[in-house]
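Annotated in Swiss-Prot:
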BINDING   A11, S12, G13, K14, S15, T16  ATP binding site
DOMAIN    3-198  domain 'DPCK'
Amino acid sequence: MQLIGLTGGIASGKSTIASRLAELGAAVVDADRIAREVVEPGTPALAEIRRAFGDGVIAPDGTLDRPELGAIVFGDPAALRILNGITHPAVLRESTARFEAAAVADPDAIVVYDVPLLVESANRYPFDLVVVAHADAATRARRLFELRGMDPVAAERRIGSQVSDAERLSAADLVIDTGGTLEETYRQVDALWAGLRG
């Protein structure tokens, strides 16, 4: 099994790269999806979040009120550290279980771990390769506004709450520039895949 770490800032094109790699045959483990699963009603992580941030972060149906929690943690580094201290260990445990399952199913699998906070979480996985999806901050802010309807001020705050591009790029073995067209991104991903299969 080869384990590839895929990371990048918010709206950097990680999901586009992960989807393309899945189409080509990679087993993709999505840390964001796992992060949603580990805070579902009844989970220990959701109970810890409630204790740390109060009942206001729980919606009437018992689910996590993500906008309310986001309003608390984005822009408050101490609150974000508390949240990450709750969620990251749960996500890492579940992710490890999925890597192991992929290796059992196919010892030659190429497993792509799509993990936005790879640098922030001081990830200790033995990646064979770390790939960074990169677009400049202005492009990412525009995508957040145009594609996700995020308020420009909120977009800037969200981008600013993450590690710097320089820190993220310093962790890269390979950078995929996602600032151009979709076809240009796909060409880079296809070349990566050919190298991994070679």
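Counting starts with 1 at the first residue shown.
Cβ coordinates are placed from backbone N, Cα and C, and glycine is handled just like the others.
Quick caveat, the model's predicted, so the values are computed rather than measured.
Location within the structure of each feature annotated in Swiss-Prot.
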{"residue": "A11", "record": "ATP binding site", "Cβ contacts under 8 Å, 6 or more apart": "A135, T139, R140, A141, R143, L144, L147, R148"}
{"residue": "S12", "record": "ATP binding site", "Cβ contacts under 8 Å, 6 or more apart": "A133, H134, A135, R140, T178"}
{"residue": "G13", "record": "ATP binding site", "Cβ contacts under 8 Å, 6 or more apart": "A133, A135, I176, T178, T185"}
{"residue": "K14", "record": "ATP binding site", "Cβ contacts under 8 Å, 6 or more apart": "L6, T7, G8, D114, P116, A133"}
{"residue": "S15", "record": "ATP binding site", "Cβ contacts under 8 Å, 6 or more apart": "D114"}
{"residue": "T16", "record": "ATP binding site", "Cβ contacts under 8 Å, 6 or more apart": "A133, T178, L182, T185"}
Per-residue pLDDT averaged over the domain 'DPCK' (3-198), given as an integer = 92
In three-state terms from DSSP, label S15 (ATP binding site) for me.
-> helix
Note on ATP: the CB centroid of A11, S12, G13, K14, S15, T16 has further same-chain residues inside 8 Å, namely G8, I17, A133, A135, T178
